[in-house]
Amino acid sequence: MVLDLDLFRVDKGGDPALIRETQEKRFKDPGLVDQLVKADSEWRRCRFRADNLNKLKNLCSKTIGEKMKKKEPVGDDEFIPEDVLNFDDLTADTLSALKVSQIKKVRLLIDEAIQKCDGERLKLEAERFENLREIGNLLHPSVPISNDEDADNKVERIWGDCTVRKKYSHVDLVVMVDGFEGEKGAVVAGSRGYFLKGVLVFLEQALIQYALRTLGSRGYTPIYTPFFMRKEVMQEVAQLSQFDEELYKVIGKGSEKSDDSSYDEKYLIATSEQPIAALHRDEWLRPEDLPIKYAGLSTCFRQEVGSHGRDTRGIFRVHQFEKIEQFVYSSPHDNKSWEMFEEMIGTAEEFYQSLGIPYHIVNIVSGSLNHAASKKLDLEAWFPGSGAFRELVSCSNCTDYQARRLRIRYGQTKKMMDKVEFVHMLNATMCATTRTICAILENYQTEKGIIVPEKLREFMPPGLQELIPFVKPAPIDQEPSKKQKKQHEGSKKKAKEVTLESQLQNMEVTEA
């Protein structure tokens, strides 16, 4: 995931000042741009010198061949005149004046200079890449410039009644329908572990089927992805911070051979976007085949580092969940990817409108975008039991930022193109099932249970097609109020004081 290096090169039509400005708008370090430009300039000089040295080496070999052909004496003099040691001014005429033994010595010295130059070039290349992968994509002009998403995310539109309030939150409702085992899940799987069971399993499967059917009718190809990826491929689709904050590492045997003692490092996927992005790695995609649209289905695994204390109860924010994802490879020309961007968020909106979930669409501020996104719109559903908007969908246009490192090129072959171009890649959540379940539970709660949204009824089993009944009391109704807790603690304290006073009185009587 990187920008085009030519964007940093003024002589190639690039504009480093624009990228520096983008970094500032993202509230990231603009100094990375200057460091990259410096490393790249030195790298280009180093490569130019290496090319010239290789030409000189070939010239030495050619000159030796010509002298041997003429049967000139080889000589045994390895002394090299000082002017010859200045390789920048070395010419064919200068070499012709030397003996074969001297030219061989010069060739060895050139070899040493090439090795030194190559070592320096590799070092500069690594330095350049370290800076390049931490510089974000160019921003779309409509992105709000701010580093405070709580205050400055721009609401683009609202659908449905986002003011209504209801009694219970999803934390209680998952228990009331007996569809969740949280404490036992935590014992088995650790923090945020859970068992989804009973009616909520059916509801989850109904959502998956409905989401896939909806996308299938819009030309998306359903695709069930691998759950883990090789490290070198994951590095091409995920930014560096994700390896520390989001991704789970899996260590396994290097091969299926019993005597193989090597180990292989893989990473569990955080979203099906990651393996689908790599599906056409190292390919040329023909213009007539675009757009290519996939409906990704996978289990997703996320560490949620940095979310300590947030949404610790229920199933809204968990380490493992099912998700259906929209993923599109688009043409980089004629604004096609931005038209597709609007189409994808529109598809998500139609899906949640059909489920009767109120929401608003927010344009995410520049400081909260990941490196790849040029623009991101979120669909945040209204949760009437919690009295808050919560994110259900993220839709991003990454333009050619992801495709460049994955080498997914646009067109036929390099021979057919004046310049190599890369496809644009877009992703959008269709349905993260556990979050959507939470939204349905809060919006469709009644005194007796949860009304099943009409669009999901055909996918539900008999007896659960219209209403999911409450079978357990709400945990919040069983918890003592703060006042009751205070009174109870006060009574215990008073009883303890009375007991202590009685003991002291008994001690006095005994002593007397």
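Placement of Cβ uses the backbone N, Cα and C atoms for every residue, glycine included.
Taken from Swiss-Prot, the feature N-acetylmethionine covers MET1.
Marked as region 'Interaction with tRNA' by Swiss-Prot: 9-61.
If you look up Swiss-Prot, you'll see THR271, ARG302, GLU325, ASN427, THR429 marked as L-serine binding site, on the strength of similarity to another entry. Annotation for THR429 (L-serine binding site): same-chain Cβ neighbours under 8 Å, separated by at least 6 residues, are LYS323, ILE324, GLU325, GLN326, ALA348, LEU379, LEU392, VAL393, SER394, CYS395.
All protein chains considered, the CB of GLU304 (ATP binding site) has 16 other CB atoms within 10 Å. Taken residue by residue with DSSP, GLU304 (ATP binding site) is part of neither helix nor strand, so it is coil. What Swiss-Prot lists as ATP binding site is ARG302, GLN303, GLU304, VAL318, HIS319, GLN320, PHE321, GLU391, LEU392, VAL393, SER394.
Residues annotated as site 'Important for serine binding' in Swiss-Prot: THR429.
If you look up Swiss-Prot, you'll see 472-512 marked as region 'Disordered'.
The compositional bias 'Basic and acidic residues' feature in Swiss-Prot is assigned to 479-499.
Annotation comment: Swiss-Prot describes 482-494 as motif 'Nuclear localization signal'.
Annotated L-serine site THR271, ARG302, GLU325, ASN427, THR429; additional same-chain residues within 8 Å of its Cβ mean position, judged by their own Cβ, are ALA270, SER272, GLU273, GLY296, CYS300, LYS323, SER394, ALA432.
Over all protein chains present, the Cβ of HIS319 (ATP binding site) has 17 other Cβ atoms lying within 10 Å.
The secondary structure of HIS319 (ATP binding site), as reduced to three states from DSSP, is coil rather than helix or strand. Candidate binding-site residues: GLU304, HIS319, PHE321. Nearest to THR271 (L-serine binding site) by Cα distance: PHE321. In the predicted structure, the motif 'Nuclear localization signal' (482-494) carries a mean pLDDT of 62. A gap of 20 Å separates the Cα atoms of GLU304 (ATP binding site) and ASN427 (L-serine binding site).
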